[in-house]
Structure formats: structure tokens, C-alpha cells
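K.L.:
Residues or ranges marked as ATP binding site by Swiss-Prot: 11, 59, 87, 93, 104, 114. Among the features that Swiss-Prot reports, active site, pros-phosphohistidine intermediate is placed at 117, with the record citing sequence analysis.
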């Protein structure tokens, strides 16, 4: 199995709900290591740039507004098949359709405020990690 890195964002609803620790525990319990982390309050430019691929979609403005409504926690997770594992832990985009025990089922209130973001492919992970982190902000954890 391949060791991968993926980007995770704990969104404003989950940060505001005081769920950071519980969400981090889920990552670590699944064998993912946190190798980079920071709390940010995104502005329109940073959030809009991150979600630029959705610019023409009808939900884009609401998404940017939500992502700038409060602090987020961006993290780089590392582990075997980290991308798929992280997506499994997150659950379906719509919390109403998410499996029991997933982050979205337990901490999200709607498809619009769904607690977390995760990279959907190796290409996305590489691009998204570079968007928020410089090389020296992502650390090797050998211990």
C-alpha cells in the first residue's frame, strides 16, 4: 500500500461547534498522522482561489461566504491510502446520506455546512496542500 498525503479542512461550522479535537482523534484512530496544521480565517480571495474550479457553479458564492464565515483548520494528513481513508472517515457530502460514525453524520448539519473537506485524488491533494502549505510547513514524523 502507498503512503500518501491529503489535505483536510475542518470547516467553520465544525470549528465553531468545538469539534476540532474530536475530528483529529478520528484521523489518528484511523492511522493517519497529522504532518502539517494551521488555523486560518480565509478571506474572499483565498477561499475563492481554493474553490476556483466551482466558480461557474450556482453554489460558488454561498460556498465562499460560508468558508469565510469563521476560522478553519487546514491540515496535511499522511498514511497508507490516506486519500481514500480520509474520504471514508468524512462520509458522504450530504450528512443525511452519510454512514453512521462518519464525521459528517456526527458533526455536520447540512450539505452546505458539512464540517470537513478532503482531497478527492492524488493530483488534487498535491495542488491543495501546496495552496496552503510551503514545503517547510509539512514535516516528516518518524517518531
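Cβ atoms are placed via backbone N, Cα and C, with glycine included.
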K.L.:
Could you check what DSSP calls residue 104 (ATP binding site) once collapsed to helix, strand or coil?
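P.N.:
The three-state answer is helix.
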K.L.:
Cα-Cα, whole number of Å: residue 11 (ATP binding site) versus residue 117 (active site, pros-phosphohistidine intermediate)?
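P.N.:
The Cα atom of residue 11 (ATP binding site) is 7 Å away from the Cα atom of residue 117 (active site, pros-phosphohistidine intermediate).
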K.L.:
In the three-state scheme derived from DSSP, which category covers residue 11 (ATP binding site)?
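P.N.:
Residue 11 (ATP binding site) sits in coil per DSSP, no helix or strand.
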K.L.:
Tell me, how many other CB atoms lie within 10 A of the CB of residue 59 (ATP binding site), whichever protein chain they belong to?
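P.N.:
By my count, 12.
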K.L.:
Helix, strand or coil for residue 87 (ATP binding site)? Use DSSP.
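P.N.:
Note: residue 87 (ATP binding site) is helical by DSSP.
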K.L.:
Report, as a single number, how many Cβ atoms besides its own are within 10 Å of the Cβ of residue 104 (ATP binding site).
P.N.:
24
K.L.:
DSSP secondary structure for the residue listed as 'active site, pros-phosphohistidine intermediate', reduced to helix/strand/coil, please.
P.N.:
strand
